[in-house]
Amino acid sequence: MAATRLWHRTGRLLEIASAFGPWPGVYSTSPAFAEVLRMPQKQLRKVVYPLRELEQHLVTDSRPGLIEQRLFDPSLEDIGRAESVFAATVRNRIEYLSSAVRLDHAPSLRQPEVCFIGRSNVGKSSLIKALFSMAPDVEVRISKKPGHTKKMNFFKVGKHFTLVDMPGYGYRAPEDFVDMVETYLKERNNLKRTFLLVDSVVGITKLDNIAIEMCEEFALPYVMILTKIDKSSKGYLLKQVLQIQEFVNTQTQGCFPQLFPISAVTYSGVHLLKCFIADITGSLK
């Protein structure tokens, strides 16, 4: 039922796209992304490149460098190729592997790994469900109650990589959360990137700062994802993005300078994030 509801939401997005003609010169193996490419340029930019869309609202005297959108700026063709990595097929099985409360209980895999962490109710499970929208048999449980995820959940994406959903920190976090997460982050040798989710409506909280300090202390390469961008006006969202971007530029060492604004409801930014994950895990070779 959960997968059905997700596909219904995706369908509403694609119904809008199908009313427009095809985007010339671009080929995608993903039917869903091919439909996205039918959008007019302005709408396509908002869905695929949300930072570009936000940049249109910057005043001319804004300080340069606050939105570092060109660091990872793939072509639509590359984004289309990445879609196939996240599409479940007979040859590309996407599946839930197992859950673990301790690292020594985690599956031992050689393929690259990425993990998602964030405070309770930041929208982590909703985002992971959006990433796996083309793998409807993969069940990612979403709860209205914060702190639903209590264990490390491992999802295998074909032969490409493993995605790890970490418990949320803060409200109703597991008692052994710190030990669980610290041990994983320090000792997981095949961990390629940590994705830290921040609520774009709330901004960076004290709890987020603790997670940031942990990543910095362990010298981990990490990326900041701004969730729930559909819940704010453009003006407020732009203000939040600029503030968080300045924080990243001036207060961090290991954070990737480019932010990834995301909406799991409208799928804005989801396709770009898929491409980034596929790129850093070597899945686009």
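Each residue's number is its place along the chain shown, starting with 1.
Keep in mind that glycine also has a Cβ here, set from the backbone N, Cα and C atoms.
Feature annotation from Swiss-Prot assigns domain 'EngB-type G' to 110-283.
Residues near Ile262 (GTP binding site) in space but far in sequence (CB under 8 A, at least 6 apart, same chain), listed by position: Pro50, Leu127, Ile225, Leu226, Thr227, Ile229, Ser268, Gly269, Val270, Leu273. According to Swiss-Prot, the feature GTP binding site maps to 118-125, 147-151, 165-168, 227-230, 262-264, an assignment based on similarity to another entry.
Summarising the annotation, Swiss-Prot assigns Mg(2+) binding site to Ser125, Thr149 and lists similarity to another entry as the type of evidence.
DSSP gives Gly118 (GTP binding site) a strand state. Summarising model confidence by region, the domain 'EngB-type G' (110-283) averages a pLDDT of 90. When the binding-site residues Lys124, Lys151, Lys228 are scored by other C-beta atoms within 10 Å, Lys124 scores highest.
Figure note: comparing Cβ neighbours within 10 Å for the binding-site residues Gly118, Pro167, the maximum is reached by Gly118.
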